[in-house]
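Novice: Let me begin by handing over the structure; questions about it come next.
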Amino acid sequence: MEVGGEVKNNAPSSFQLQQPPTPAEPLRKIILVAAIAAGVQFGWALQLSLLTPYVQLLGIPHAWAAFIWLCGPISGLLVQPIVGYYSDNCTSRFGRRRPFITAGAGLVAVAVFLIGFAADLGHAAGDSLGKGPKPRAIAVFVVGFWILDVANNMLQGPCRAFLADLSGGNARKMSTANALFSFFMAVGNVLGYAAGSYTSLYKIFPFSKTEACDLYCANLKSCFFISIALLLTMTVLALTIVRETAPAAAPEQTAVAKKGKIPVFGELFGALKDLPRTMWILLLVTCLNWVAWFPFLLFDTDWMGREVYGGEVGTKLYDHGVRAGALGLMINSIVLGLASLGVQFLARRPRRVKKLWGAVNFLLAICLAMTVLITKLAERGRPASGATAPPAVGIKVGALALFAVLGIPLAVTYSIPFALASIFSSNSGSGQGLSLGVLNLAIVIPQMVVSVASGPWDELFGGGNLPAFVVGAIAAAVSGILSLVMLPSPPDDVAAAKAMTVGGFH
């Protein structure tokens, strides 16, 4: 139901099954739950920085790699809405969100064990020790990788919904909670990239080096040990100190429970059908935003190695460019963390939020367009003789500065859309978990489209990464325009509190 509208007597839609909001909790509890993001993102950073060489070490064919990396958006498409729905309707005495967060953390530990020990388990099952493909190790790795992506999606949705619950319907606290979640994601990124770049980490865990697992493999395994320890520590601390009040089942939930099943996909499609206009606009802006982001997130280090450094895959020049891109990601993560704290200051008035999002989308568009300029300058500076040489210092600095500046719009992307979804869903009588799962559709569907289409699109224009970046720049500009023109401003705290009493279903 729209804010201020007439209360209808018919049964609420699937997008309107929501428990009464609890009073806002102290900020320290919100910080503890948000800190779980550091453990989750530590593992993601390890995936981005270490798993591609590990995949080649196991002998996975290049043609299979794209299907493996599609797991993330596919699991996000299915898992987050399902987990969001069940967490909205969970009546466990441990709370709605905590059981799912616990299960997700446990699955991450299992998945990381499978990935780290894939070579050892494959060798024990009969794989050879040579450089050829290791089919049994590949099978263990693929299973572990899919479990890891599913578990990460199980964690992130309920964590964000838990933060919304702890905010008690307060729009400003929701914004603060999501900004803190973004900040701890940046902390996890920095820690993950730092661990991945340290080549002697395996010495802390000497047992990690085995006959089937060389120094690189042992280092990866050691990084994952630290990842498990960080995630489990943050999760246990948060879920031990921050308690949930066991929710009373709504009449609609009790009726569904008596039938013995909960039609998850029916509720998801019902949620899409019954979305208020504000949520549809938010989904559109988010979708275009991720059409802009995902090509760069996929190919940023490849762009540094191929276009900026001018190297071919497998050459030292390309490897130097990839390492420079990894340094750019480290700088990006530091700026992301600082900017995440600044987002709360800049968006301290809820009605300024959409202006901030629109502004940083234009900044994103400019940065993506600048990749063309940096590439052209790098090409002009290469020796005419055809000799390979790294780009000039000014080109390197410009590229790294681009990575740094992109940390600002990335901080907004990781926080404001989720805060707006929490605010809009609260005002329309929506379940936090299901609404955040629906928002995730606007993130993963563009990722799937970009993953499948970016390669043929780039080849259509002669190869390279620039065609996808140009499309991203256009999408970012359109997203910025729609954010400023069509996206409604969230209500202030007084209006939001009043809206909580209108629907009748809280």
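Here the Cβ of each residue, glycine as well, is placed from N, Cα and C on the backbone.
The region 'Disordered' annotation in TrEMBL covers 1-21. If you look up TrEMBL, you'll see 10-19 marked as compositional bias 'Polar residues'. The transmembrane segment annotation in TrEMBL covers 30-51, 63-87, 99-117, 137-155, 176-196, 224-242, 279-299, 326-347, 359-378, 398-421, 433-454, 466-487.
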Novice: Are there residues at least 6 beyond the ends of the transmembrane segment (466-487) whose Cβ is under 8 Å from a Cβ of it, and what are they?
Specialist: 278, 281-282, 284-285, 288-289, 291-296, 299, 303, 307, 354-355, 357-362, 364-366, 368-369, 371-372, 375, 420, 450, 454, 457-458, 460
Novice: Please report, as numbers and ranges, the same-chain residues at least 6 past the borders of the transmembrane segment (398-421) whose CB is under 8 Å from any CB of it.
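Specialist: Contacts of the transmembrane segment (398-421) (Cβ under 8 Å, skipping residues fewer than 6 from its ends): 160, 171, 174-175, 177-179, 181-182, 185-186, 279, 282, 285-286, 289, 293, 296, 300, 304, 308, 324-325, 327-329, 331-340, 342-343, 347, 353-354, 356-357, 360-361, 363-364, 367, 370-371, 374, 377, 435-436, 438-439, 487, 490.
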Novice: So if I exclude everything within five residues of the ends of the transmembrane segment (137-155), which remaining residues of that chain have a CB under 8 angstroms from its CBs? That is, six or more out.
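Specialist: 36, 40, 43-44, 47, 51, 54-55, 58-60, 68, 71-72, 75-76, 79-80, 83, 100-101, 103-108, 110-115, 117-119, 121-123, 127, 212, 440.
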